[in-house]
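K.L.:
Feature annotation from Swiss-Prot assigns [4Fe-4S] cluster 1 binding site to Cys37, Cys42, Cys48, Ser276. Annotated domain 'Radical SAM core' per Swiss-Prot: 49-265, in sequence order, evidence recorded as sequence analysis. If you look up Swiss-Prot, you'll see Cys63, Cys67, Cys70 marked as [4Fe-4S] cluster 2 binding site, on the strength of sequence analysis.
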Amino acid sequence: MTNLNKKPDWIKVKAPNSAEYYNTKDLIKNLSLNTVCEEAACPNIGECWSKKHATMIILGSVCTRACMFCNVKTGRPDLLDPHEPQRLAEAVQKLNLKHVVITSVDRDDLEDGGASHFAECINEIRKSSTNTTIEILTPDFLRKEGAAEIIANSKPDVFNHNVETVPSLYKTIRPGARYYNSLSLLHNIKKLSPEIFTKSGMMVGLGEEINEVVQVMDDLREAQVDFLTIGQYLQPTKNHAEVAKYVTPEEFQYLGRIAKTKGFLMVSSTPLTRSSYHADEDFQKLKENYQQRHTVA
């Protein structure tokens, strides 16, 4: 097992310092937008922002949940900003994004969990950036009747909802969520709009067993999920769950090979894999893999 007191070399990344990085940072600040890149202390922020890639957080910056893996602020959430969809669309247009990823904090305080706000953001982007493909990474909408229908009707190109970890760790790592609710949400979106690609991700290094990871793969395929991401859990602060193990690149490759045998259209399994990392390139590969699988010989 790798020494847990320091990150192994395969986790280390260069500090961001490019002009493109700072241009992206300034644009996001000027439009009063939030990004998961900053809020979650993502290790890939330098690379992504240098390429003008950013994952936008909507519905404010304060979450109603307190998951033990996440660095986003928790507490009493902000009031909904009715102008946020327009500002988001403006950022997408100014960054000239071919593919945008939109995520959010959990909003258990809202009647629909924020589903209609996601839909408004998608609609605004479609108006001004007609060729931009849209990926949304949503919360679980636990006990929010009708939320899945709102999301499915808004027709994102990719619907992503992360199961995050194995079910045995939910009580300690993701206490406000329910594993089977997450599976049900993913399955419902696919049933409501089969043309939407579905995606889910999980972290490893939290103390899970490999047989549990494989069972999650099977559960996600049963829910007709197309794309699986697996990445290393990194402790944001000392107040969060500790890293139980730094999984080696070879072990990630092994997990990736197993996942591919399960029938996913696409698998990304590396230490630095995150839900929206290389999302634009992965979307193109996802479409190509779908077309290849459905081409009649």
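Glycine too: its Cβ is placed from the backbone N, Cα and C atoms.
What does the local environment look like for each feature on the list?
P.N.:
Under the three-state DSSP scheme, Ser276 ([4Fe-4S] cluster 1 binding site) falls in the coil class.
For Cys70 ([4Fe-4S] cluster 2 binding site), the Cβ neighbour count at a 10 Å cut-off comes to 22, with all displayed protein chains included.
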K.L.:
Please identify which of Cys63, Cys67 has the densest Cβ environment, defined as other Cβ atoms within 10 Å, among these binding-site residues.
P.N.:
Cys63
K.L.:
Between Cys67 ([4Fe-4S] cluster 2 binding site) and Ser276 ([4Fe-4S] cluster 1 binding site), how far is it from one CA atom to the other, in Å?
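P.N.:
Their Cα atoms are separated by 19 Å.
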K.L.:
Mean pLDDT, the domain 'Radical SAM core' (49-265)?
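P.N.:
Averaged over the domain 'Radical SAM core' (49-265), the predicted model reaches a pLDDT of 94.
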K.L.:
Using C-alpha atoms only, work out the spacing between Cys70 ([4Fe-4S] cluster 2 binding site) and Ser276 ([4Fe-4S] cluster 1 binding site) and round it to an integer in Å.
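P.N.:
Distance between the two Cα atoms comes out at 15 Å.
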K.L.:
Cβ within 8 Å of the [4Fe-4S] cluster 2 site's Cβ centroid: which residues qualify beyond Cys63, Cys67, Cys70?
P.N.:
Arg65, Ala66, Phe69, Asn71, Val72, Thr74, Val105, Asp106
